[in-house]
Amino acid sequence: MIKLILSLIFLIICCNINPSESFKLITLTTGPTSDLGFNNMVNQGRIGVSKAMNIEDSRIFIVSGRNETYALLLPLIQNDDIDLVICSSQDHGDACKEIAAMYIDSPTIKTQFLVRGSGAATKNLIQITYNYASVNYISGMFAGLQTVKNKIGFLSPGSAANNNDSFVYAFWIGAKQVNPDVKFYYYNIGSYLDQDKTIAATQDLINIYGCDVIADTLDDFSAGNVAIQNNQYAMGTNGFPQRDVYGENVIFSYAYNWTKYFLPIAGSVANGTVPGKWYADFNKEDNYNFYDLSFGFKVSQNTKDLLIQKSRVLATTPRAGHPYYCNEYIEQYTKKYNLPTQAANSSCISTAGFFYINQPVGDMIYLGSYNIRLSKIEFSSSVQKGFSIVSGCLIAFVILMMVGIVYYKDTPSIRSASPIFLNFSLIGGIIIYIGIIIWVGPISTHQCNARFWLVTLGFSTLIGSLVVKNFRIWLIFDNPELKAIKITNYQLFPWVGLCLVINIVLMAILTSVGDLKAIEAQGIDSLGKYEYMTVCKMNSAGASTLYSILAYFAALLLVGVFVSWKIRIVDIEEFNESKAIANTLYAVSFCLFVIVPLMISPQEKQSETIILCVAGLFITTAALLIVFIPKFWRVFIYGKEGTNEMFKQKKSSSVATARAESLSKNSSNGGAHSGGGAVKTNRRGNIVSGDFTDDSESSLSEPNKPTKNNDGNVNVTAGAVLAEFTDDTISEFDENEVNEEPVKTESQE
């Protein structure tokens, strides 16, 4: 009789729904309707109502939280003459209730609000609640029967999402009653919809705890997807008919049928009646049965029959008498936590007490609120090994060159280039290579500072030594007054030291005020949401200091350019390094031409490191090869004789030089008396003969045998100055010439 009456009421309500194009419906969800979960089923209910009532103005909005909901909804209520607002989530409840209270007695705004909950209904506020503890209990029974390992995992929103663990407990007690040996592990996610946490937590339940059955009360199917990816059967326990999508990969699912409740509620609003409060659960009347169960083909018939029979018992039993309200575990729990029990039966928890279950019951294993562990992304080990091996090989090669410098230090090619400064340059290259090895190594605050120190000091040593030793060549050769110049290595060391001191001071400032340190950075490069990378970072003061260091290096290079330009006229290969320095600068410029645009454009940290290290290797190696290969080549070709006959002669003294000049003068006079043309004595420079503007290589004669050029000019050699340049001390006078009288020069005559 009751069944007949309820059916008639439902038919009367549905038949009295007048299709109306003017009825306006708004539905609020907290997530996309494509979530294959709760929001999708709410949308299915909206579509069912819209079709049944021919509603043309049926809108759906994704919104969450009180403030967002209020800001979205209030203008619509005020301006659009909305008939019904379905606030599907408890997230919407506060805002919907506030707006409903604002217009409860409004003569113009007649909007009805459907909210989740079991509170009091008003003239424009409808309450609906559904009991998913009952369907969780049925799902738990299925999981307990299905598990092979007797290990079940579960994910819940938890108290952080205003959700207690009573429904987790309902699932557990269902599994426990059919399988007393089951172990039950569960996480609280902190939200109904957090795919990242859901995926990670599910993976942990499978990999760490060995669960072979996973269930949840979340809005989407992320947990089920992870289970399927791990070759396990999934359970659809979020209200969406997952088996319709995933087929036999989902062995059990239940679906919410919101149309069965939204339709009569919308019909009541359209007819002007106040629906009041609604309660959804298993129901013996199919028109009001909220849950639709679906089983896989591999589920035994006995299991199906047991669960269907149990769901019918729940449908005909008052909620207070359900098994999850009354059992030996909950009786102990109520005593332990002093929760209210039912007046008629103290071994059963009351409805109010049920919603305060937030601690594990019985042997439930609570794993805590899940937080995703950040994954550290390391620098590519293959790149690290590659740069380290290449740098190590180059260090070995440079050490061999240093040995070669020491071994061939007495050859003109090496001696004329100052062996000690050549080795300084090579040491600078080694320091740079070591800096590159550290640059690609594991990042720490010490590493961040060390790599800048090493690379800058190495560069200062390499370039500074080249510039200083070539500066000496310039001073000696650019000497029109024919003065004997004494410039020893000890006089040049302070200048190299000055280059290093400037570098050290700037780096000390960078270290002290730049706050250069290693930090754990997220959201950079292509890192995932829960990935991080350790990078070096400095503040703006440090960046300014770094620019100053780069400016200092630029100035050092410009000085090198100037010096190389000044010694370009020295036509003895051993002394003239202008081409080598120029080629080195070309290599540096080429790298800068490529690097600067790349560094200005957005780069991933690993790509940036690779570019910088490749550039460092190329610049350093190119500079060393350009400067040193020609020297060793001349050693190989010419040996101890050098490229110029001057190196084959006995070292001369300054007196010998004066004698050569006098002889040159006499030869010039003799040539004039014999009728020859006037012969000019070229006195520019005191090592090489000929005009410095002449790019052709000059021929050197013996000290006491001046020679003539094709144009009749008499060349003057000055082996004494060569001796002074190639020795660390001033050149000695020949013993046989010490007591000789000075030769008169032209001015003395």
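All residue numbers here begin at 1 and follow the chain in the order shown.
Placed from the backbone N, Cα and C atoms, the Cβ positions cover glycine too.
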Same-side membrane placement of Ser413 and Phe632 in Swiss-Prot: yes
Candidate annotated as N-linked glycosylation site in Swiss-Prot, where the set is Asn67, Asn715: Asn67
Annotated residue, N-linked glycosylation site, per Swiss-Prot; candidates Asn271, Asn666: Asn271
Asn345 (N-linked glycosylation site) versus glycosylation sites Asn164, Asn257, Asn271 - nearest by Cα: Asn164
Residue pair Asn67 (N-linked glycosylation site), Asn257 (N-linked glycosylation site) - Cα distance, angstrom, rounded: 29
Inter-residue C-alpha distance, Asn164 (N-linked glycosylation site) and Asn257 (N-linked glycosylation site) (nearest angstrom): 24
Intrachain residues whose Cβ lies under 8 Å of the transmembrane segment (545-565), provided they are six or more past its termini: 452, 456, 459-460, 463-464, 466-467, 470-471, 474, 499, 502-503, 506-507, 509-510, 513-514, 538, 577-578, 581-582, 585, 588
Selected stretch (most C-beta pairs under 8 A with the transmembrane segment (610-630)) from 386-406, 420-440, 457-477, 493-513: 420-440
Secondary structure of Asn271 (N-linked glycosylation site) (DSSP, helix/strand/coil): helix
Cβ neighbours of Asn271 (N-linked glycosylation site) where a neighbour is any other Cβ within 10 Å: 12
The topological domain 'Cytoplasmic' (407-419): DSSP-derived helix, strand, coil residue counts: 6 helix, 0 strand, 7 coil
Fewest Cβ neighbours within 10 Å, where candidates are the glycosylation sites Asn67, Asn164, Asn257, Asn345: Asn67
